[in-house]
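Per TrEMBL, the feature domain 'FAD/NAD(P)-binding' maps to 5-325. The annotation disulfide bond is assigned in TrEMBL to 42-47. Among the features that TrEMBL reports, NAD(+) binding site is placed at 201, 271. Annotation comment: TrEMBL describes 311 as FAD binding site. As annotated by TrEMBL, domain 'Pyridine nucleotide-disulphide oxidoreductase dimerisation' applies to 347-451.
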């Protein structure tokens, strides 16, 4: 194994693997350095474990309604150790299926599992476990991110999302701090498991990055399911053990007053800074600001020979974004900086109850660019498949330009929302116009059929309705 490479990739998660394979495909001599195992946060402690827990939560919800279908279930309880074991075994099966070490080796990439890497010069890194030094002309940082605790007294009492599986028992009372994608999914999971859940969020609404209609629909569902949803929190002040050892006392401020509650566990889903500690980025001249590696439009850092892709640069922080960014970074590292990375067609969503997803511009963003854009909104309870499955809560919203030529965005809440949005994303990526989409025949009965209905609704909107919508948007600005 060599000590000198054309491209050195640090990190073997989704971004690192994609970057290494693409760089090798372009003819570079490539090594990937990883501290322990491939797969990154998503497979090992993030998306995959969360999805298995979400599946378990779904099964619990289905069991509770089984009697409506003539199915008798005598007991509805969670065996937490068995659930945890299932999650961990699934992670191992996913890792085995991906088989990334063999994929890398088959592509001629050296996989170096010798501990964390640390820059000791602009082009040199030292490996923690072996002490070996590797040199490369170009470096791609794919180090991912990590959860953080709020800087408040008693923060060490909180559980981070990636440590949920380490909880010794299922909490009866749980507070989730942070209502982004991770926090919202944990709310659904613990609520379905029977926990009493409180959700705290500093923003005026949960899922603040989503379309406002999506945020409102999920928040309403949470409230109806018994979740205490608290938004516009002015700050979390402290955590401490209760005097009678009955739990953790969490104190926060909202509406100008101090509030507190006692919980068995407090989960902090409150940020995702880049995992740069101990990397020695100063030795390479790489700048970090506000917990992320600063990059330009070509994913170059402040050091021209060092690139950063995936969560480390703090842009989209999605697995699908990591793949796109990594391939662009690899191309720019090998062939020169010419490839930009568009993020507007990256679908994203969450497996809550109900599910939600979106791609492209939200309605508010679209109206800020074109006040006369056209919006269609189709409720799930008007579609056959959601009624058949007894999942009528939800909708699909499509946003198009005023000429109805381009889809600008799509947003959904409800069963299979992520899959529905993925189908719309494919149409958007292919440049399919609204009229063409409206003519597509969808299998019956399916959730995706709502796409055709929404597209036809876009075509049916009259010019007067478009002007009225635009005037309403202007009046509310």
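Even glycines carry a Cβ here, placed using N, Cα and C.
Curation plays no part in TrEMBL annotations; they are all automatic predictions.
Features per TrEMBL, on structure.
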residue: 42; record: disulfide bond; Cβ contacts under 8 Å, 6 or more apart: 13, 14, 48, 319
residue: 47; record: disulfide bond; Cβ contacts under 8 Å, 6 or more apart: 319
residue: 201; record: NAD(+) binding site; Cβ contacts under 8 Å, 6 or more apart: 178, 179, 183, 208, 229, 230, 231, 232, 233
residue: 271; record: NAD(+) binding site; Cβ contacts under 8 Å, 6 or more apart: 147, 148, 178, 291
residue: 311; record: FAD binding site; Cβ contacts under 8 Å, 6 or more apart: 15, 41, 144, 145, 272, 274, 317, 322
Counts by DSSP class (helix H/G/I, strand E/B, coil) across the domain 'Pyridine nucleotide-disulphide oxidoreductase dimerisation' (347-451): 37 helix, 27 strand, 41 coil
